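Engineer: One structure follows; several queries about it will come next.
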Amino acid sequence: PFPTVDVPDHAHYTIGSVILAIGITGMIGNFLVIYAFCRSRSLRTPANIFIINLAVADLLMCVTQTPIFFTTSMHKRWIFGEKGCELYAFCGALFGICSMITLTVIAIDRYFVITRPLTSIGVLSRKRAFIILMTVWVYSLGWSLPPFFGWSAYVPEGLLTSCTWDYMTFTPSVRAYTMLLFIFVFFLPLFIIIFCYIFIFRAIRSTNQSITSLTCCESLKKLQRLQSEWRMAKVALIVILLYVISWSPYSCVALTAFAGYADMLTPYMNSVPAVIAKASAIHNPIIYAITHPKYRLALARYIPCLGLLLCVSPQELRSTSSSFMSMRRSTVTSQTSDISGQFRRQSKPRLSTASDSESCLTDTEADLTSTASRPASRQVSCDIGRDTADL
């Protein structure tokens, strides 16, 4: 039998209850993201596939970790044996790493779309998006499998009611794995995310400064886009902060043991950071889905009872549908009057690809694209505006 830790019973029950609350919230939140993706055709775009992959990884994290962690906490000891411990820790590592790398891919995608709007149009197809996702999963698998082959190991941690990789043993092999793991799945992704969002903020600021002559209507549009830019900036900042907050305590604990001070770590100091790290599964669906206008409207449309919770009124749903139909008719009319039949046949596949790739653009990205392409690429701007209003 696995060893136990001499701590009060209420410590196990408290951690188990917190894990249960996190797991239920994460399951519901990530399931709603996946459900909205499956129901709404306009959300099934290459860029949005990354967000869905994030939701899948977080959902699997909650499904594989919550029931087991809660059960062992109620029993106050690990009850699933050595193989169960290894499988549990492997799933936690695989889905956790996949979630972090997917966040990095999303940041890189946003970086190219916002800072290089014209060159990025049509680059990200569904096929390329799936290839990127396969690479993400293979990369995550590559860092999750070594403990099965003797490079470190999966062992119980904290209150000995959950398992993770062995970061407590002070041996060259274990320390090497710990060091490389944190470099390539925490510090490097974090650096890339910060780098991308710094240049995103710079692109937004330079776009505002480049607009010199505006009519009254354009001034109103600029104000609306500026508000959208601030919303995106706040969301980006929240993503980075929650990413750091969720995983920094766990990183500090592991790096403390890596430095040779494992004897300073108490069971509570090992368990609480692990719980905080698992809570990252509930942050991402809220940030990338619930606060995204198109996801909010999709959830309110297909699950009406969520309309009040998301503060989406029936009038907003109707106006969104009417606006989409009106803009679509306007686009078709403009295409018919301004573009010859031969040019339309040649450019249609390219524009369709651009629409596929950019249909998840925010108002900020649409602003950047239309500013950069006006007046030479009026049709691309029209399509991007249409996709932004589409649900």
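Glycine is treated like the rest: Cβ placed from N, Cα and C.
What TrEMBL lists as compositional bias 'Polar residues' is 335-380. Summarising the annotation, TrEMBL assigns domain 'G-protein coupled receptors family 1 profile' to 29-288. The region 'Disordered' feature in TrEMBL is assigned to 328-391. Among the features that TrEMBL reports, transmembrane segment is placed at 12-38, 50-75, 87-108, 129-154, 174-200, 235-261.
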Engineer: With a Cβ cut-off under 8 Å, give me the same-chain residues at least six positions beyond the ends of the transmembrane segment (129-154) that come close to it.
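Structural biologist: Residues 46-47, 49-50, 53, 85-86, 88-90, 93-95, 97-98, 101-102, 105, 163-167, 173-174, 176-178, 181, 184-185 contact the transmembrane segment (129-154) from elsewhere in the chain.
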Engineer: Could you give the mean pLDDT over the domain 'G-protein coupled receptors family 1 profile' (29-288), rounded to a whole number?
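Structural biologist: Here the predicted model's pLDDT, averaged over the domain 'G-protein coupled receptors family 1 profile' (29-288), is 86.
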